[in-house]
Every structure is written in structure tokens, then in C-alpha cells.
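Undergrad: Positions annotated as domain 'G-protein coupled receptors family 1 profile' by TrEMBL: 37-285. The transmembrane segment annotation in TrEMBL covers 23-48, 55-74, 94-116, 136-155, 193-212, 233-256, 268-287.
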Amino acid sequence: GNHTQPTFILLGITDTPWAQAPLFGLFLLIYVVTLVGNIGLMVLVWLAPSLHTPMYFFLTHLSLADVCYSTIISPKMLTDLLFGNKTISWAGCLTQFHLFALFATAECHLLAAMAYDRHVAICHPLSYVTAVSPRACWQLVAWSYLVASLSALIYTSCTFGGSFCGPHHVDHFFCDAGPVLRLACSDTRGAEVAIFALAAANGLGTSMVILLSYGRVLHAVLGMRSAPSRARAFQTCASHLVSVSVFYGSLFFMYLQPASRHGSRDKVASVFYTVVSPMLNPFIYSLRNKEVKAALGK
């Protein structure tokens, strides 16, 4: 029958019994490293005056977003792997998806703000103080969360706005738009088009800002006369682009393809942007920098 507020069952990453214990250990380790790395970075930036710069200001908000949406996904996934209790209420499913969509979208815009910061710092150093002032930093962060909040409301209303038919088995390890919409009783083509269009606007818009910014940065780096400075700057840009590629590549695979092409590979792609990327970001973006190492030493 039709139910407006059913209880969902998350089928999880795998239904193979022997694989659940190793996956629990692996994902628990990743989650602990994610929390320690990101929270440690936020505390370090707060305590070290030398890190009170726009770049690390954006990094703290990126770490906050990583901690939030990783915590929204990982604990439920870990308990499902350990105890096998994979049920989740309609309200819990809606809340999980809404908060995930909010912080994941905010991360896209924060990554774009960070790329803009690096572009101004390297390509226009004389105007850096005015272009990336404290007020401008707060405005960029506020814009990121504002757009993310409005986008999350639209994603959630499109995904959970209809009624659902049994069995309520969500073929995923968290409540995502595609698997939930497949359980809807009514026609979901309008909702799928709206989600696709908004995801494309957020994803493609911010990725273009990132690519154009780093393109200008790489052009400026290649024009440097000092070979060591050029190598260091190029290494930093390359590592940032690797992190961005992992995050955006898995997001685009999930949300910018037709619904008919979704399959079992979706879970693998989801692991990268919900579990792996939040763990890697603090190491790629900060812990390889001399400023962070010096602050840790002090």
C-alpha cells in the first residue's frame, strides 16, 4: 500500500556476511582519522596566530563541512555493518539526506572560494589584502552556506515530496536521492529533472571557478624564474587538483547521469565523496604546508 511516512531499510554496502567485519574495521579507522585530522586542523588554526589568514579560514570551514557530513553518514553505516540493524525512520532518512546535501553543497562552494583565494594570492599579490579581506572571506562563506541551505531544501522536497510504495528497501548505505526516488509511487521525472538541474548548476558552476582559477595559477607558476619555487607551487596545485578531482568526479558520476544508468557502482563512487575525501582533505590541503608544520612544532 501507499504510506507517506514509512520505515526504510538500508541494504548497505554489501550483503556478504564475511565482508562486513573487515569493512567495519576499515571504515571505523577512516572515520577516526577524519575526525582527528579535521578537528585537529580547526583547533590548530584557532590556536596559532600565524595561521589566521584567509586560506586557513576557508580550510577550517572546509574541515567543518567534512566533519559534519561524514558524521551524518559514517556512524549509521558502521552500526549497520556491526549490528545488522539497517532500519531508519522516514524522518531520520529525510534528516540524513537533507544535512548531507547541505554540507556537501557547501563544500563545493568552499572549494571554489579556496581556489579563488589561491588565484588572487599568486596572480594578483598586490591586491590580495583588499580582494580577500576578512569581510570578503565572511561573505564568501556566508554565500556558500546560504546557497547550500536553499539547494538542500529543494533537493529534499523533490526527493521526499511524494508517497512511497513497499517494500521500502533503499539499495544504498545512506538515504540518497536516487535510491529513495526509486521507491516512490508517483511519477518522479519532474523531481529527477529538478535535482539534476540544480546539481549541475552547483557542481559545474563551482568546478568551472576551480578550473579557471587553478588554470591561471598554473600559468603564473610556469612563468616563475625560480625552479624550486615553481616546483613547490606546482606540487601544491597538483595535490589540490587531485583532491578536487576525486570529490567532483564521484559527485558527477552519481548525480549527472540518467537514472537508468545507476547501478551497483554507485555505492563505490559514494564511498569516495562521503568517506575517503573528508579523510584526505586535511592532509592534502594543509598538513604538507610549512606554515602548518611550524605551528604544530610550536
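Every residue gets a Cβ built from N, Cα and C, even glycine.
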Undergrad: So which residues does the transmembrane segment (193-212) touch in its own chain, when a touch means Cβ under 8 Å and the partner is 6 or more beyond its ends?
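TA: Counting only partners 6 or more residues beyond its ends, the transmembrane segment (193-212) has Cβ contacts under 8 Å with 105, 108-109, 111-112, 115-116, 147, 151, 154-155, 158-159, 177, 244, 248, 251-252, 255-256.
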Undergrad: Are there residues at least six beyond either end of the transmembrane segment (136-155) with Cβ under 8 Å to its Cβ atoms? List them, or say none.
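TA: For the transmembrane segment (136-155), the nonlocal Cβ contacts are 54, 57-58, 61, 97-99, 101-103, 105-106, 109-110, 113, 116, 177, 194-195, 198, 202.
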Undergrad: Short question: most Cβ pairs under 8 Å with the transmembrane segment (23-48), which of 55-74, 94-116, 233-256, 268-287?
TA: 55-74
Undergrad: Any residues 6+ beyond the ends of the transmembrane segment (268-287) with a Cβ under 8 Å from its own?
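TA: Contacts of the transmembrane segment (268-287) (Cβ under 8 Å, skipping residues fewer than 6 from its ends): 13, 27, 30-31, 33-34, 37-38, 40-41, 56, 59, 62-63, 66-67, 69-70, 73-74, 100, 104, 114, 172-174, 176, 239-240, 242-243, 246-247, 249-251, 253-254, 293.
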Undergrad: I'm checking region-level scores; what's the whole-number mean pLDDT for the domain 'G-protein coupled receptors family 1 profile' (37-285)?
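TA: Mean pLDDT for the domain 'G-protein coupled receptors family 1 profile' (37-285): 87.
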